[in-house]
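Please read the structure below before turning to the comments.
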Amino acid sequence: MSEVTARKPRPKYLALNEIRLPLPGIVSILHRISGVGIFLMLPFLLYLLDRSLGSPETFETFAAVVDNWFIKLVLFGLLWAYLHHFCAGIRFLLLDLHKGLELEEARKSSKIVLIVSLTLTLIIGVVLW
Amino acid sequence: MVKQRTVVGAHYGLKDWIAQRATAVYMAAYTIIFALCAFSLRELNYQEWSGLFSHGLFKFLSFLFFLSVFYHAWIGIRDLWMDYIKPNGVRLALHLVTIFVLVGYAGWAAQILWRL
């Protein structure tokens, strides 16, 4: 590379503990984290569906497994992951359609995503618990 | 100065981008249908629950949902490996493992549904 085109070293600032993520950034990273969570738990969820649909006997196994408080807590977390992924996904689809691209709107919609997914998680979670 | 750029290539990126969104829209619609059906069950027991999934149309829609989940997950997890895993060998291995488990899950989902 000639001296004329040689670039200056690009500044990097990747101190993760010091970066303050704006609200849309938080929604975005939670979208990724919730997706990974669901992906990792897919075998467990398929196992639960398998037991619940096998026969009346395996349904009892299913009922006993999901009656455990720890499993309930895990499923509660997954319910949030699904609902957050769902709500944030709708927001991303709207952004793809160039809806809500302005900074203020984008901040507002990410706030709505966080609040709606948490509220729905609480309501559905309490109903199912 | 180049005024017009001819877009060339196999459009793999575009295909996946569309597939990720198409599966997302389908999954969102199925989620609403599933929630309505599940909450309208008289009570949660084996008869009611398996009765819902025995219904031909619901079985079909459910299987389509699972395929959407697995295809959507493939694109999402592939992006994850592309973002964070730089050594090509490791990345290729993770891509293959991801494909293998997801194809396996699809077989499992088919077996769960068509046993009914």
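Glycine is treated like the rest: Cβ placed from N, Cα and C.
Some features that TrEMBL has for this protein:
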TRANSMEM  B:21-41  transmembrane segment
BINDING   B:H72  heme binding site
BINDING   B:Y84  ubiquinone binding site
TRANSMEM  B:93-114  transmembrane segment
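Distance between Cα atoms for the residue listed as 'heme binding site' and the residue listed as 'ubiquinone binding site': 19 Å, as a whole number. Summarising the environment of B:Y84 (ubiquinone binding site), the number of other Cβ atoms within 10 Å of its Cβ, over all protein chains shown, is 9.
Annotation note: B:Y84 (ubiquinone binding site) sits in a helical segment as assigned by DSSP. DSSP assigns the residue listed as 'heme binding site' to a helix in the three-state reduction.
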